[in-house]
């Protein structure tokens, strides 16, 4: 853990690097992060027996013959499946294997038809859809080298396909365009009015009240909203109503699957106006610090966070480097990152390096450090025959230390880079729950052991022990979780969305999926984000309706029969593992990136990449990510303003916000001697507390006065849920703060006309 003194922790030593100039430019290329004491402790834990044999004291009869020859009793082999795991009954035993053979034969036939259908769709699109100039523009799009070139080529292709007309039109069945249009007008009107009222109020207060502390409500009043800036309060309520995940359907994948770049102009306008309104509420003097803290905590909880999820896939996982590089170069890399199996290696590298280091690391020369598969065939065949695994976990631990900066823990990595690393693994016991390792669930766990555990596929790498740093053993690392052994998390939870939502409120996921057994079944009949169906101008089906319908039927039928086998417990469990979850779990997210693999990649699935192959993987990974970046940008624009608000307003009562978003010390009266001030709390603990249960007994005002002041500010909005909904509805749909009407008022029509005129003058979005 950070701050502990570990005398045996060696200072990173520079090796005599013999590589070329490209390798020398890599940060820490010649640095040896291996701690021999940690590797020895890991080797001892891995080689320790799973269960310690108990020592029994046995007594022999006094008349037992001396030196009697006793044959050694051989230990009984553990059955593959216990009697509690197998069903009883004559019919079950009679029909088990015939049913299994029949279903497998039928699934093989379905697979043959499925491959034939996919080939038909591919040829249909090649010979019918992509012809002439359309094909030339697509070829130009696929040959771009960076995001700026890709955007120009995508806009040109969209213009040729008529997508510009679709962007300019507001109407679309998959989102509530009338609500978005009205909210944009209301946000603009209320923000302009609030800015005018604040300027007028500051001018008047500057003449009558030169003391700035009184203007900011330090006299115990309720804050700026009671001083007359009603528009700021109404803007706050409107923002509360629309800052939600997938508000009015604007985050539906269909909003971004009609074009190669961008979405509706009205949606882009809403994102820009919402960003301006949030920044105004953060910097305004009309709301006091407590109101801002409660507001941004509420908005952040409703909106959620974004996570980048990197799947497993052996050497296919090196495509993730290109995906990460595309996000990093555009400044759109999320804070929460999770990886499984091969994706855990990439995630560990990303979360232990800063942005500046990553920009120098994500280059083809990185292939010189990927040497896990260096053994020749005779070596790994002999190891597999003796141990049942192709690779040696101790050797992998040494080679992993460069990617994880030695024995760095999850908490230390979070403190160094600010990123939240998550690694999924499952216990060797098939019936125990899976585990998502991060700086909350396992802060002292060493990252290198977590990566090894997440990559421990049966037959490839034996289950390993997680290692951790503890205060009781400051000089070395010790086994984590009672020394239990863990293995590949992709066998059950390749994309741990539920755990991410539980720990970090993740509501939006970007999944980079490279698993070969999943990639071949991916098919979007109506298009995906940044890849529209060009047949019939986006209103058709890939391969025609017949081809798409046949593909969907065959794929769903195979999944159905696999579920039948699993629920009837007919599937065998080789290597004590239920392999049905490898196909039946959820593999996609809100945005799913599928790098285009090659047939030759299957030949190198357990091989180290060369510089040339890694260069191609970086390019392919980036190019497959470019179509998704506009969607990611629109999501992160709002999310990062909310994160800034949470950081700025944290520590309420000790600091206060002044104009320009600056924080200064707030003058507080000393706490009563009988009631000590509450201890500082971490952000995660603060998130779990309920807003209404907090007691500010050490503030200059009492809780009763505080609640009375808040009631006066919010009037009837806090008396009941019904009145709160009515208040939001008044701000949402009433004209001039009174009189409900279903149509847009004349003032709103003027606002909309001004916005449309500004958009036309600027040449669109």
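Start at 1 and count along the chain as shown; that gives each residue its number.
Using the three backbone atoms N, Cα and C, a Cβ is placed for every residue, glycine included.
Remember, TrEMBL labels are computer predictions, not curated facts.
Looking at 59-77, 78-96, 97-115, 116-134, the stretch flagged in TrEMBL as transmembrane segment turns out to be 97-115. From the options 198-230, 231-263, the stretch TrEMBL describes as region 'Disordered' is 198-230. Annotated by TrEMBL as motif 'GXSXG', the relevant range among 329-333, 334-338, 339-343 is 339-343. Around the Cβ of residue 341 (active site, nucleophile), the number of neighbouring Cβ atoms within 10 Å comes to 30. Non-local neighbours of the transmembrane segment (97-115) in the same chain are 521, 550-551, 554-555, 557-558, 561-562, 564-565, 568, 570-572; each lies 6+ residues outside the stretch with a CB under 8 Å from one of its CB atoms. If you draw a 10 Å sphere around the CB of residue 488 (active site, proton acceptor), it holds 26 other CB atoms from the protein chains shown. Residue pair residue 488 (active site, proton acceptor) / residue 341 (active site, nucleophile) shows a Cα separation of 6 Å. Secondary structure at residue 341 (active site, nucleophile), as computed by DSSP, is coil.
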